[in-house]
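Asks: Shown below is the structure under consideration.
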Amino acid sequence: MKSIIMAAGKGTRMKSDLPKVVHLAHGKPMIVRIIDALNTLDVEENILILGHKREKVLEVLGNDVSYVVQEEQLGTGHAVKQAIPKIKDYDGDVLIINGDIPLIRKQTLIDFYNLYKNENADGIILSAIFENPFSYGRVIKDGNKVLRIVEEKEANEEQKKVKEINAGVYIFKAQALVKALEKINNNNEKGEYYITDVIEILSNDKKVISYSLEDSMEIQGVNSKVELALVSKVLRERKNTALMEDGVILIDPATTYIDDEVKIGRDTTIYPNVTLQGNTEIGENSEILSGTRIIDSKIYDNVRIESSVIEESIVENGVTIGPYAHLRPKSHLKENVHIGNFVETKKSTLEKGVKAGHLTYLGDAHIGEKTNIGAGTITCNYDGKNKFKTEIGKDVFIGSDTMLVAPVNIGDNSLIGAGSVITKDVPSDSLSVERSKQIIKEGWKK
């Protein structure tokens with residue numbers, strides 16, 4: 001099967017410089033969500049109908065995607081016609097879908113396709129029952145057979161009473177679709193070519209059926225930032241519900257933002273106002289407290305993180321972090337490390353049991369087991385041109401307000417006096433102090 005994804009619309013009501021389909025619905029571009037859903041059907045080629053600022057869509061999807069261009073906006077039928085060169089010699093099925101319905105479920109598309117195949121139909125439309133169907137195309141049927149779809153502006157009073165509406169998703173046999181597209185015209189109030197006219201053309205001598213959705217929210221389109229927020233909320237609720245059903249504790253799901261790819265182990269508690277993004281994994285029995293943001297990181301079991309930011313890092317069992325710590329990319333905290341308030345790490349490994357309680361920067365560093373980093377310690381890793389590494393051994397005590405000017409090595413079991421500026425390697429089992437002599441001048445202030 002091939003698909004045709006309608007993604008050429010300007011999205012005027014979005015009031016944005018971006019094409020509508022690249023806006024993020026719960027952290028992922030809408031067009032990516034549509035393609036992800038279609039991949040469930042083992043689609044051999046997704047053909048995108050692009051128009052307004054198509055280069056922005058290609059930036060998201062890559063230039064190797066299959067697409068055609070609709071230069072003029074002359075209706076949905078005109079859009080699909082642009083894809084005829086890509087399907088005219090194809091003998092399979094073609095699925096047509098709007099690019100702005102990110103709530104469509106994978107299982108819905110599977111059931112939709114299976115009904116089409118089981119009924120040996122020539123075409124099928126996805127429909128839904130709306131109590132207030134205003135503005136939607138109405139599905140006109142004779143028993144189970146679909147006769148036509150009538151747009152709101154073209155419908156008579158009797159047709160407007162029909163509550164079954166067109167959801168904008170179709171499957172047709174490719175050759176039947178191509179022949180029908182050649183017959184559609186723009187003799188209607190809007191002067192546009194409607195893809196829905198294909199239904200009436202095919203129904204004259206072929207079998208066209210419908211599949212009615214149980215959850216009409218799946219076809220919620222996005223035409224404004226308000227509707228974008230609505231679908232994002234639904235997607236967030238789906239993710240949070242699935243996590244809770246798997247044993248995760250969400251104190252307040254309404255204020256918890258967790259991307260689709262995030263994995264969380266059972267009995268982990270997520271507090272309000274937490275954001276978990278990208279390919280983040282969190283183990284079991286951990287606590288992620290309010291104000292925390294974790295991106296593309298792996299968090300093990302029994303970890304406690306409070307009001308901190310963690311990016312592209314690894315946090316092993318029993319670690320405590322925060323409040324107000326920042327783990328920048330390539331930080332690796334091993335078992336039972338403690339990182340306190342206003343501590344920043346970057347491209348550093350802290351071995352088992354290391355403690356850095358407060359006001360510290362550890363960049364391009366390796367710190368051995370059970371070392372204590374005093375308040376105000378800074379690894380001076382950058383000379384204005386290059387980055388250098390600081391190596392600190394195990395069981396080291398770094399006094400407060402110490403500057404470690406890289407490259408520098410501190411040996412095991414060493415002690416660095418508070419206020420020191422260390423520029424030379426310190427051997428193991430040593431005391432190193434580097435600071436000016438304290439001078440006292442009595443009676444200085446008269």
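Any Cβ shown, glycine's included, is placed from N, Cα and C.
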Asks: Do you know which of ASN120, ASN166, ASN386 Swiss-Prot groups with LYS20, GLN70, GLY75, THR76, GLY137, GLU151, ASN223, ARG328, LYS346, TYR361, ASN372 in the UDP-N-acetyl-alpha-D-glucosamine site?
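Replies: So the UDP-N-acetyl-alpha-D-glucosamine site in Swiss-Prot includes LYS20, GLN70, GLY75, THR76, GLY137, GLU151, ASN223, ARG328, LYS346, TYR361, ASN372 plus, from the candidates ASN120, ASN166, ASN386, ASN166.
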Asks: Near the region 'Linker' (226-246), which residues from the same chain, at least 6 beyond its ends, have a CB less than 8 A from one of its CBs?
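Replies: Same-chain residues near the region 'Linker' (226-246) but 6 or more away: 14, 23-26, 102-103, 217, 220, 253, 256-260, 262, 264, 266.
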Asks: Express the distance between the Cα positions of ARG435 (acetyl-CoA binding site) and LYS20 (UDP-N-acetyl-alpha-D-glucosamine binding site) as a whole number of Å.
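Replies: Approximately 61 Å lies between the Cα of ARG435 (acetyl-CoA binding site) and that of LYS20 (UDP-N-acetyl-alpha-D-glucosamine binding site).
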Asks: 10 Å Cβ neighbour count around ASN381 (acetyl-CoA binding site)?
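Replies: The Cβ of ASN381 (acetyl-CoA binding site) has 23 Cβ neighbours within 10 Å.
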Asks: Can you tell me the CA-to-CA distance separating TYR382 (acetyl-CoA binding site) and ASP100 (Mg(2+) binding site), as a whole number of Å?
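Replies: The Cα atom of TYR382 (acetyl-CoA binding site) is 47 Å away from the Cα atom of ASP100 (Mg(2+) binding site).
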Asks: List, in sequence order, those binding-site residues among ASN166, ARG328, ALA418 whose Cα sits within 10 Å of the Cα of ASP100 (Mg(2+) binding site).
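Replies: Candidates kept after distance check: none.
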Asks: If you average the pLDDT over the region 'Pyrophosphorylase' (1-225), what number do you get?
Replies: 94
Asks: By Cβ count within 10 Å, point out the most packed of the binding-site residues listed: ASN166, ASN223, SER400.
Replies: ASN166
